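Feature list (source: Swiss-Prot):
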REGION    10-45  region 'Leucine-zipper'
DOMAIN    153-467  domain 'NB-ARC'
BINDING   G200, M201, G202, G203, S204, G205, K206, T207  ATP binding site
REPEAT    561-580  repeat 'LRR 1'
REPEAT    581-603  repeat 'LRR 2'
REPEAT    605-625  repeat 'LRR 3'
REPEAT    626-649  repeat 'LRR 4'
REPEAT    686-707  repeat 'LRR 5'
REPEAT    708-731  repeat 'LRR 6'
REPEAT    756-777  repeat 'LRR 7'
REPEAT    778-804  repeat 'LRR 8'
REPEAT    825-836  repeat 'LRR 9'
REPEAT    837-859  repeat 'LRR 10'
REPEAT    876-900  repeat 'LRR 11'
Amino acid sequence: MASATVDFGIGRILSVLENETLLLSGVHGEIDKMKKELLIMKSFLEDTHKHGGNGSTTTTTQLFQTFVANTRDLAYQIEDILDEFGYHIHGYRSCAKIWRAFHFPRYMWARHSIAQKLGMVNVMIQSISDSMKRYYHSENYQAALLPPIDDGDAKWVNNISESSLFFSENSLVGIDAPKGKLIGRLLSPEPQRIVVAVVGMGGSGKTTLSANIFKSQSVRRHFESYAWVTISKSYVIEDVFRTMIKEFYKEADTQIPAELYSLGYRELVEKLVEYLQSKRYIVVLDDVWTTGLWREISIALPDGIYGSRVMMTTRDMNVASFPYGIGSTKHEIELLKEDEAWVLFSNKAFPASLEQCRTQNLEPIARKLVERCQGLPLAIASLGSMMSTKKFESEWKKVYSTLNWELNNNHELKIVRSIMFLSFNDLPYPLKRCFLYCSLFPVNYRMKRKRLIRMWMAQRFVEPIRGVKAEEVADSYLNELVYRNMLQVILWNPFGRPKAFKMHDVIWEIALSVSKLERFCDVYNDDSDGDDAAETMENYGSRHLCIQKEMTPDSIRATNLHSLLVCSSAKHKMELLPSLNLLRALDLEDSSISKLPDCLVTMFNLKYLNLSKTQVKELPKNFHKLVNLETLNTKHSKIEELPLGMWKLKKLRYLITFRRNEGHDSNWNYVLGTRVVPKIWQLKDLQVMDCFNAEDELIKNLGCMTQLTRISLVMVRREHGRDLCDSLNKIKRIRFLSLTSIDEEEPLEIDDLIATASIEKLFLAGKLERVPSWFNTLQNLTYLGLRGSQLQENAILSIQTLPRLVWLSFYNAYMGPRLRFAQGFQNLKILEIVQMKHLTEVVIEDGAMFELQKLYVRACRGLEYVPRGIENLINLQELHLIHVSNQLVERIRGEGSVDRSRVKHIPAIKHYFRTDNGSFYVSLSS
């Protein structure tokens, strides 16, 4: 993991030195000297590692690690110096001009002090650089250097890849179904060359599965020529061609050309084309990292009429999804199910007999170990092999309690570690930081997309790209980590976008170990041992900390934290906050904290504050001093009003104050807004405003906040209509708009709204006297929710042709007896029909809503039978009937009922009902 280590040292410093505040403030002379020397050091360290710093000798390894550790510590010092400088600059510039002369001496003193500190850092950098050069030229060091070699992890993994061709049967679990599917694709009758990509995270069994297929008799009989080529991460295309030629000739039992190693690129291509031109061949390219390989190699693999196939394994979804040609496809590897994982582990841990497991009472702890592997075949097999030598329950329990240590130190688990490090080292530097930051969260924690993105932005992990919003860049980072199988998507929203992620247990263990080694992240949990944990935090200075158990005032003594997360419901005291002046992100979501200390406002660098789902009732009075704050999330907290002076937080981008009214006794006031503070409309950079009471000043000036993309207002009154529409028409980037009237009889006057082209999600709660004329202009709309509209006319005609509509929710939206869906709604996947008290019939014409997957019918008591035409919805997966009439339910209950044949194609049908004993549901599926 040398590249990662260099990145976290010198790479971090170079990134920090791009800070624009510094460059604008007249101290860039020291910076230029730093950057030049650091670039030389970076090249030296990378070259040293390449020639022997990867573990070839103890001397080179220790020197390498020492130099990098020193530069990493300097990086942290520079970050702190810059933050301190930013504090002084802001204090000076924010003064009224009349007071600047008074504060000028203090500002100049601060600037001089910072320049001195940077000068001292420069001296330290020069000292480290001189030490490197001195040791590099020493005789002992030169003797220790070896000729250039490939990365140790990569070489080890390549050997394992080759050995997969000689798999043992007890390693093959859970492959029958995917094997049959893939062989069927390889043997398909299409004459053109087809590429089949097998994609999955490192250690998921891609290579084992592919090797089993490659060696199968059906494949051997079908193809004339075969080649298995393991692709080095730093491959040379000529070497790939030579390996391929050797494989083809060896499989054909033919003499390998004597001149092979003297041939150049063109001759190698010609020889391959000549050999394969009239043959049906299969090539397996194992462990492909980039699409660039295909661009280079495809010219040598003839696309003839004989049905040749290319199979490749990759960890990267971008590689698997590349357009390789007509008929090409990808197969995503699924992790092993619980029973399959147990079989594989048992085969390795108890090769003689499972009886040993039972007689020695090992099964409970063994199953816990298997559970930690979360279906990852490589981890299961490696751990099973290691445990096969351990006979006593105490030994097994020790391994379970120290699994993180075992992964990083036990030689028998080296392959697991090496494969994961290969994926990690391949990440660009910004993605390395973002990935390791995810190890802050507890194992199996559900990490939400927006939360991650905003925390990354607060830490300045997101590299600026001209013309692209930081949110979009961060989103691309997240997608890239998913494509590379470093994060797993565990929740998608109905619109096909990832909503929540998790990190595989094994990857999390390794990521956390790297984070601790790099003094980047640390966790304070049940594995932390009181004084030792405190000493670790104080002495090693990790920048980001997650507290996962109850903390005492003296349990954390670090002062240089940039992130503090509390992921525990235990009681916490905030005595440590006064010492955390460098904090950039404070996340207390779902913690037991009920009061914030006044010292919070001294955290000048704070950019992200998450108080959602806490018991906090108010923010400090001087909250406006947090001038760098970008995100404030008080969702589902007890905060009803923001403090005065909020308008001074000019950098604020996300203001999220949505609250549920837990004690409401009606179907209307279930959402509570936050009371608006004066001048809040002066927050010109605000992008998210969710959710606020509609008050006259805000409504009239809302149009000043032209960067808003998400707006949620409650307590809207009829007289707001014209001003509200005028303001909204000035905002051209709205993607989410939610308007709720003050009560269910108060009309929403929104006919004059015209700036609707950008809206993707629209929720209107309030009486509509007519269908807005602009409904049919919502060409980008994916969600439409109408609640309490009480329309006398059918709105369906105005929205049925909207091309991107995925989710439609009607809640007491229509007063007529008949709801008819004609041709249209071609992309609709979710339909909700709720509380239509006059509704007696729903008709779905043939061809309408062809893609519908979920249908909810709730509290429509007048509806006595399922929608006519429901039998035509062949993609419908779920039908939910909630508090509907007994007549409707009985018509589809059980075989032989009147309408049973119309719903028999639906996999899941559920009926929800209430009795005096509570709420229940039953399945009506066949």
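The chain as shown is numbered from 1 upward.
Keep in mind that glycine also has a Cβ here, set from the backbone N, Cα and C atoms.
Of the chain residues outside the ATP site list G200, M201, G202, G203, S204, G205, K206, T207, T313, R315, I333, L376, P377, L378, I419 have their Cβ within 8 Å of the site's Cβ mean position.
Below 8 angstroms of C-beta separation, residues 852-866, 870, 906-914, 924, 926 of the same chain, each at least six residues beyond the ends of the repeat 'LRR 11' (876-900), sit close to that stretch. With a 10 A radius on its CB, G205 (ATP binding site) counts 30 other CB atoms from all the protein chains.
Listed by sequence, the residues of this chain that lie at least six past the ends of the repeat 'LRR 9' (825-836) yet keep a Cβ under 8 A from its Cβ atoms are 494, 667, 800, 803-814, 819, 842, 848-860, 862-863.
Distant neighbours of the repeat 'LRR 2' (581-603): 80, 83, 451, 455, 458-460, 559-572, 574, 609-617, 619-620, 622-623, 625-626, 633; these residues of the same chain sit at least 6 beyond its ends, with a Cβ under 8 Å from one of its Cβ atoms. Long-range Cβ neighbours of M201 (ATP binding site) (same chain, at least 6 residues apart, Cβ-Cβ under 8 Å): R315, I333, L376, S423, N485, M486, Q488, H504, I507. If you take every residue in the region 'Leucine-zipper' (10-45) and average the pLDDT, you get 58. Comparing the binding-site residues G202, G203 on other C-beta atoms within 10 angstroms of each C-beta gives the minimum for G202. For T207 (ATP binding site), the Cβ neighbour count at a 10 Å cut-off comes to 27, with all displayed protein chains included.
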